[in-house]
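Since the structure comes first, as structure tokens, the remarks are kept for the end.
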Amino acid sequence: MVTLRRVTQSRLRWVMALLLLGLAGALIALALSWRPAIAPITPPARSSFAPALVARGAMLAKLGDCAVCHTRDGGAPLAGGRALATPFGTLYSDNLTPDPETGIGTWSASAFRRAMKDGVSRTGAHLYPALPYEHFTHVRDADLDAIYAFLMTRRPVHAAAPANRLIFPLGFRPLLAGWKLLFLHRGETPIDPGRSAAWNRGAYIVEGLGHCGGCHTPRNLAGGEIRSQAYAGGIAEGWRAPALNAANPAARKWTQDALVTYLRTGISPDHSAAAGPMGPVVESLSQVPESEVRAIAAYIGAKMGGGTAPAQARLPDHAGAAARRFPEGAVLFAGACAGCHGPGAPMMGQDRPSLALATTVRDGSATSAAQAVLQGIEPPVAGRGPKMPGFADALTNEQIAAVLGYLRARYTDQPDWKKLPATVAKARKEGAQP
Amino acid sequence: MNLAITVNGARHQVDARPETPLLYVLRDDLGLNGPKYGCGLGQCGACTVQLDGKAIFSCVTPVGAVGDRPVRTVEGLGTSDRMSPLQQAFLDEQAAQCGYCIAGMIMRAQALLDADPHPTEQKIRAHMQTNLCRCGTHMRILRAIRRVAGIASDGAAA
């Protein structure tokens with residue numbers, strides 16, 4: 001008995017000690033995560049910003065695609081409130097107009113810089129990394145000040161974002177300090193003197209404001225980009241963002257010219273059309289000076305290992321073999337797809353790429369192909385560019401899986417996609433969110 | 001090849017290859033001329049019918065894909081003597097000019113109203129985005145839909 005009691009007491013002492021240690025650790029962590037508020041300012045007069053600075057900020061905001069996430073459907077531009085579905089719950093973007101109550105009207109330039117570079121709100125609260133500050137941290141202060149000038153000269157819109165709906169315990173923002181410790185790597189994008197000025201400009205845009213890796217780099221379970229697999233392909237709003245490194249699955253190597261055409265118009269005759277979340281990126285890039293897009297193309301093109309001249313590739317078309325292996329897919333393709341994509345279809349006479357060139361059909365994942373069939377493709381630049389109807393309500397998951405199996409077998413020499421019905425079901429579910 | 005499809009509540013046996021567009025079967029085999037051939041590419045919406053309650057382009061939907069899912073065309077909504085509320089609203093608002101797109105417009109709008117009897121203006125506009133009217137009567141079409149949805153007639157509101 002005595003021995004037992006002694007053991008119990010000593011165990012209790014250990015537990016107490018551990019608890020105290022844990023509490024002390026938590027307090028220290030909390031203290032370390034604490035950031036001061038930056039004093040509110042009176043919203044500055046529009047005339048206090050030089051027009052040239054505002055114009056430059058407008059261009060930079062296009063490169064950063066700010067309005068895409070910070071505008072809700074049918075809402076005022078940059079007034080926030082767009083729901084962003086993440087694996088951790090739904091976030092709502094903030095209002096970036098200079099409304100003093102619901103926007104950034106009382107934010108000083110230094111508060112704005114801190115938000116962009118350190119992911120901390122004016123009030124000192126940590127911001128969620130849906131704001132890609134692990135990229136924006138590389139942006140130079142002069143550029144951030146230009147974006148600030150652009151935002152502060154917008155019409156103020158009174159619009160409070162709905163409350164976030166996150167899984168427990170992620171509503172507790174100090175936890176984000178730990179995330180930043182792991183995934184926020186500050187500092188400017190290094191200049192490579194051995195590369196062209198365009199390449200270096202491209203590196204600055206792509207790694208910083210452009211935050212291309214936000215979608216095109218895979219993320220770990222904590223939602224951090226896996227730096228060792230930079231540009232190896234990721235996920236964006238239920239679509240697959242293809243690899244932008246040597247693993248890019250294009251049938252014809254991307255040239256810099258092809259990239260420029262694609263990024264500015266949404267389609268390249270040697271590749272395919274921009275779809276899903278890439279559409280708004282193209283819309284933004286169609287409005288910036290071509291030199292900026294050329295710089296992006298120089299940097300991304302080098303990553304993909306493309307030269308300047310397109311390498312001719314033989315385009316597979318195994319119509320007979322594919323029909324024998326996927327008879328239902330062949331029938332559905334003939335009735336639903338061939339009117340545009342089949343040989344001799346009117347669209348094919350307009351220099352539109354064959355499905356054999358489509359990255360989505362050649363990619364190792366069927367996700368984007370499934371999304372394109374389900375949701376269709378909207379012209380990224382209003383009024384022009386490719387438009388494909390969605391088949392979500394016309395075809396069942398099994399039927400779409402049959403079409404995809406057929407497409408893959410007919411237009412590529414790649415191995416079959418596995419578990420297609422499950423991929424389509426998942427794509428349908430994620431495409432409907434939020 | 002013999003296929004069975006259910007259209008406007010009636011079961012039909014049709015002799016068609018499964019890749020035939022549903023639109024051709026509806027018009028040529030069943031004599032339902034409400035759905036129209038516009039572009040044949042799913043870009044204009046003149047061929048819109050409902051499949052399992054959802055608006056689809058019948059010109060790019062193979063009849064073999066229909067299976068047991070019910071098809072509904074404008075003929076299944078009402079007749080010229082007994083019009084459905086939405087058909088009556090299209091008439092009251094004089095929403096048709098040449099009328100070629102109207103059956104598709106009505107079937108797409110009806111699919112929305114069946115799922116949501118009182119949609120917002122924004123929702124109506126987003127839903128009707130896929131259907132075009134070459135005469136330009138979109139504003140009247142929207143008025144007709146609003147009439148049935150019971151929302152304000154001012155297009156800018158909501």
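A Cβ is built for glycine as well, from the same backbone N, Cα and C atoms used for every other residue.
Among the features that TrEMBL reports, heme c 1 binding site is placed at A:C66, A:C69, A:H70. Here TrEMBL flags A:C212, A:C215, A:H216 as heme c 2 binding site. TrEMBL lists A:C337, A:C340, A:H341 with the feature heme c 3 binding site. Here TrEMBL flags A:52-155, A:197-304, A:324-411 as domain 'Cytochrome c'.
Overlay of TrEMBL annotations on the structure.
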residue: A:C66; record: heme c 1 binding site; DSSP class: helix
residue: A:C212; record: heme c 2 binding site; DSSP class: coil
residue: A:C337; record: heme c 3 binding site; DSSP class: helix
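Cβ-based crowding with a 10 Å cutoff singles out A:C212 as the top-ranked of the binding-site residues A:C212, A:C337, A:C340. Each of the binding-site residues A:H70, A:H216, A:H341 was scored by the other Cβ atoms within 10 Å of its Cβ; the lowest score goes to A:H341. Among the binding-site residues A:H70, A:C212, A:C215, A:H216, A:C340, A:H341, the ones whose Cβ sits under 8 Å from a Cβ of chain B are, in sequence order, A:C340.
When the Cα atoms are compared, A:H70 (heme c 1 binding site) and A:C215 (heme c 2 binding site) turn out to be 17 Å apart. Under DSSP, the residues of the domain 'Cytochrome c' (A:197-304) split into helix, strand and coil as follows: 51 helix, 10 strand, 47 coil. For the domain 'Cytochrome c' (A:52-155), the mean pLDDT of the prediction comes to 97.
Highlighted in sequence order, A:H211, A:G213, A:G214, A:T217, A:Y231, A:G234, A:A236, A:A241, A:L244 have their Cβ within 8 Å of the centre of the Cβ atoms of A:C212, A:C215, A:H216, the residues recorded for heme c 2, and are not part of that set. Each residue in A:G64, A:D65, A:A67, A:V68, A:T71, A:L78, A:G80, A:R82, A:S93, A:L96 lies on the same chain as A:C66, A:C69, A:H70 and has a C-beta within 8 Å of the C-beta centroid of that heme c 1 site, without being one of the site residues. All protein chains included, A:C69 (heme c 1 binding site) registers 20 other Cβ atoms within 10 Å of its own Cβ. All protein chains shown were included, and the count of other CB atoms within 10 Å of the CB of A:C215 (heme c 2 binding site) stands at 23. Taking Cβ-Cβ distances under 8 Å and a sequence separation of 6 or more, the neighbours of A:C66 (heme c 1 binding site) in its chain are A:L78, A:L96, A:I147. A:C69 (heme c 1 binding site) is 14 Å away from A:C212 (heme c 2 binding site) when you measure Cα to Cα. Same-chain residues with CB within 8 A of the center of the A:C337, A:C340, A:H341 CB atoms, the heme c 3 site residues themselves not counted, are A:F333, A:A336, A:A338, A:G339, A:G342, A:A345, A:M347, A:L355. You'll find the Cα of A:C69 (heme c 1 binding site) roughly 32 Å from the Cα of A:C337 (heme c 3 binding site). Helix first, then strand, then coil: DSSP counts for the domain 'Cytochrome c' (A:52-155) stand at 43 helix, 12 strand, 49 coil.
Broken down with DSSP, the domain 'Cytochrome c' (A:324-411) shows 53 helix, 4 strand, 31 coil.
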